[in-house]
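Trainee: Structure incoming, see below.
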Ligand SMILES: Nc1nc2c(ncn2[C@@H]2O[C@H](COP(=O)(O)OP(=O)(O)OP(=O)(O)O)[C@@H](O)[C@H]2O)c(=O)[nH]1
């Protein structure tokens, strides 16, 4: 549990360096495994096996790893199996996996508001991501409202309140233990009355009780649907990249309990496990809206598949 809101320090940038830092272990592991291969005259099956293993160990998952292996085998590095040339092929194939899922979260709903339900386990960066999204939409001249649908913990309500104030957006909230569906109901009515463009709804993420979570999210959906049959327009799952393969099982569970329309992966600045993004794209094909690369309000970045592919391959 985290109740602290980090200081609002938006000065400086260097986000791409942080991103590269986050993927350094992934790319180092890959190139480390390549060192025995470089200098040989050709990529044979054994070397391809090593490379495939390295890709799996880097959290890219067996399917993406097999796909990249097949591409490398096709390329027939007969003579010049140098590391750079191999990594160029790896990056190209990763980019092809990532490109189809890159899709920003656009505000297009009519009538307004566009209702964005944000789901994910506690600690995944959900609250911070909501604040970052609110900030991003505001920068695009959209009006934003937040709904504190995680009523399970007073701290969660308070933390979202601090962010709302900081970003300068209204928030609809109720008491700890209140009914999330009724808060969401009030929020949709308020947002509709005030002509708000985007209503971002926080939800509880207690995975230890799947049934309860499922019931709660289903109830929120029912209430939303009563006010606006198209709502929620988006169900965004926030995933913490440092969880590695565990992030994949979270997709599985939340798809089942809530239906997921898109993903935001956070903490790609500090993780050795960012390769899981590729596994998620290959396995689920869900849109990836953005990535989190830090704790500051402007640390939500567009998902750029070509850049990420090169970062993972260590050749950006
Ligand atoms: N390094 C880094 N930290 C992040 C990022 N996103 C969120 N965090 C941090 O992760 C921690 C958890 O984030 P929250 O937004 O509080 O997560 P939550 O899912 O709402 O979790 P609870 O507050 O426990 O409900 C906080 O310390 C955030 O500052 C990111 O992209 N990079």
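Backbone N, Cα and C atoms are what each Cβ position is placed from, and that goes for glycine too.
Here the structure is a predicted model, which means the values were calculated and not measured.
These came from TrEMBL, pasted as-is:
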type: BINDING; residues: 120-127, 202-206, 266-269; note: GTP binding site
type: DOMAIN; residues: 19-98; note: domain 'Signal recognition particle SRP54 helical bundle'
type: DOMAIN; residues: 112-263; note: domain 'AAA+ ATPase'
type: DOMAIN; residues: 113-314; note: domain 'SRP54-type proteins GTP-binding'
Trainee: Quick one: give me the count of other CB atoms within 10 A of the CB of residue 268 (GTP binding site).
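Mentor: By my count, 28.
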Trainee: Just going by other Cβ atoms within 10 Å, which of the binding-site residues 126, 206 has the emptiest spot?
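Mentor: With the binding-site residues 126, 206, fewest surrounding Cβ atoms within 10 Å: 206.
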Trainee: Those binding-site residues, 126, 203, 206: which ones have a Cβ sitting under 6 Å from ligand 1?
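Mentor: Those binding-site residues that pass the cut-off, since their Cβ is under 6 Å from ligand 1, are 126.
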Trainee: Three states by DSSP: which one describes residue 268 (GTP binding site)?
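Mentor: Going by the DSSP assignment, residue 268 (GTP binding site) belongs to neither helix nor strand, so it counts as coil.
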Trainee: What three-state secondary structure does DSSP assign to residue 126 (GTP binding site)?
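Mentor: In the DSSP reduction, residue 126 (GTP binding site) maps to helix.
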Trainee: Would you say which of the binding-site residues 120, 123 has the most Cβ atoms within 10 Å of its own Cβ?
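Mentor: The residue with the densest Cβ neighbourhood is 120.
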Trainee: Does residue 203 (GTP binding site) have same-chain partners at least 6 apart in sequence with Cβ under 8 Å from its own Cβ, and which are they?
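Mentor: Expected: 117, 118, 119, 126, 149, 150, 180, 216, 217, 220.
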